[in-house]
Amino acid sequence: MGSTPDAKWKLADHPKLPKGKPVAVVVLDGWGEANADQYNCIHTAETPTMDSLKKGAPERWRLVRAHGTAVGLPTEDDMGNSEVGHNALGAGRIFAQGAKLVDLALESGKIYEGEGFKYIQESFANGTLHLIGLLSDGGVHSRLDQLQLLLKGVSERGVKRVRVHILTDGRDVLDGSSVGFVETLENDLAKLREKGIDARIASGGGRMHVTMDRYENDWNVVKRGWDAQVLGEAPHKFKSALEAVKKLRAEPKANDQYLPPFVIVDDNGKAVGPIVDGDAVVTFNFRADRMVMIAKSLEYEDFDKFDRVRFPKIRYAGMLQYDGELKLPSHYLVSPPEIDRTSGEFLVHNGVRTFACSETVKFGHVTFFWNGNRSGYFNKQLEEYVEIPSDIGITFNVQPKMKALEIAEKARDAILSRKFDQIRVNLPNGDMVGHTGDIEATVVACKAADEAVKMILDAIEQVGGIYVVTADHGNAEDMVKRDKSGKPLLDKEGKIQILTSHTLQPVPIAIGGPGLAPGVRFRNDVPDGGLANVAATVMNLHGFVAPSDYETTLIEVVDK
Ligand SMILES: O=C(O)[C@H](O)COP(=O)(O)O
Ligand SMILES: [Mn+2]
Ligand SMILES: [Mn+2]
């Protein structure tokens, strides 16, 4: 391990645990613990490796909380998600997250007093305010009630013309729910029109096909959004958004997540809300990952990711600042959580050589989110982040193995190279395939993730290292919407209602490997432990004591 850190970063030595053991930290995305039935794909799938880890309970396997207040979300009804999960895993503390911060800012009215709001307000007299974001009550990227409050707020503060550019969900909420959300929004906008505000939905499209790509996986997604939102051009034109969503959903195999882009046109066929010079734009999602690309396209003068055709002079603000390192966007309505002093930063300053890897769709989870929504390295000499290109233009049920094997191979090679002290990966399968609602494919996905874990654990075995296997939130363990008693709910046609979203379930954490000191076991006095307790645990396994403000470690060392 490297040179002496300066005082601010120096971690105390753990009194009992040694340094220098390679530690593999494996995050299974969307891998919760739930009762066993046919809608639990993890149960159905062959997962011998994960099953064998469970046998280590309670000393080396346990459950941790991954939803609600344990990860900084407003209520216990909020399911976990990758952003808050990886933030908690990496930062070791619970921060009030975007959803909560926006709630507070709206409730207190502070949102209207900040620099970001004053900036966009300058466009209210002569321009249009465009609101772009995910239309649902999923609470993962955005929330409908926040949009409604924002609409009310701007209507009381001088806005004359509003255009909403909607992205339909079906991923954090039930497929088909888009119709109801559009109806609600249309009612709200009609009320604003009664008050003399020219308010309309101007364009739309499914979130996975339009605008909300992440980690630069496929810029075409953002371009389709740009064409509809900014240029007012799309393959589908409708007189109303409700008609658009209903008609497009009626196409074979259509679903909310992948609706094609559409624009709303007037009686002359002219788009009702392209974005033009002098307008203001707010992206109203609070979550960062799927807003960074659109933020770049709206803000950067210098831009070569696709041909924007026009680059209107607008006043643009994000609901939050999405990237703390890039300071993107430069204007925002609510300050993001200040997730500082993350475990990654501490460990690197204490000489821990770090390798992180996933495929594109989850790459930022073990880098950007892990490091507190901060892009880039802390110390290039000590860190290597490897991104395996994801397949593009497919739904992952057609390729459920995704790049699990490739990620595991990279991790294995990194472990065997002995060049790294921490080897951190995210295995996306359970989550990305779980979101498609395809049960059969999700079973294949879970098996592939389990095989990847095995490859990593085998490498750890060879080098005498330690492993920590956990997850960021549930998904694949429950694929059906249930009533309060846990019984699957049926739709009007008597078919089960597939759950494409995450869950409220706890997730497993397992520790082990030949490098684990014999007396290490999970404490039994942290029964409510959550993802934020993992950072201190990992720091201990690297031979350090975590900073005192971190959530407590999950492990203890007993004499053997
Ligand atoms: O963005 C997504 O894909 C979903 O809304 C949430 O999934 P994630 O939190 O696992 O990324
Ligand atoms: Mn996730
Ligand atoms: Mn997910």
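The backbone N, Cα and C atoms fix where each Cβ goes, and this holds for glycine too.
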Same-site Mn(2+) 2 binder from Asp29, Asp137, Asp528, given that TrEMBL records Ser82, Asp472, His473: Asp29
Per TrEMBL, His141, Arg171, Asp172, Arg207, Arg214, Arg287, Ala288, Asp289, Arg290 bind substrate; matching candidate in Lys55, Lys100, Lys362: Lys362
Nearest of the binding-site residues (Asp29, Asp172, Arg214, Ala288, Asp472) to His502 (Mn(2+) 1 binding site), judged by Cα-Cα distance: Asp172
Listed binding-site residues Asp29, Asp431, His435, Asp472, His473, filtered to Cα within 10 Å of Asp172 (substrate binding site): His435
Reduced DSSP assignment, Ser82 (Mn(2+) 2 binding site): helix
Within the predicted model, mean pLDDT of the domain 'Metalloenzyme' (21-544): 98
Neighbourhood of ligand 3 - binding-site residues from His141, Asp172, Arg214, Ala288, Asp431, His473 with Cβ under 6 Å: Asp431
DSSP state at His473 (Mn(2+) 2 binding site), helix/strand/coil: coil
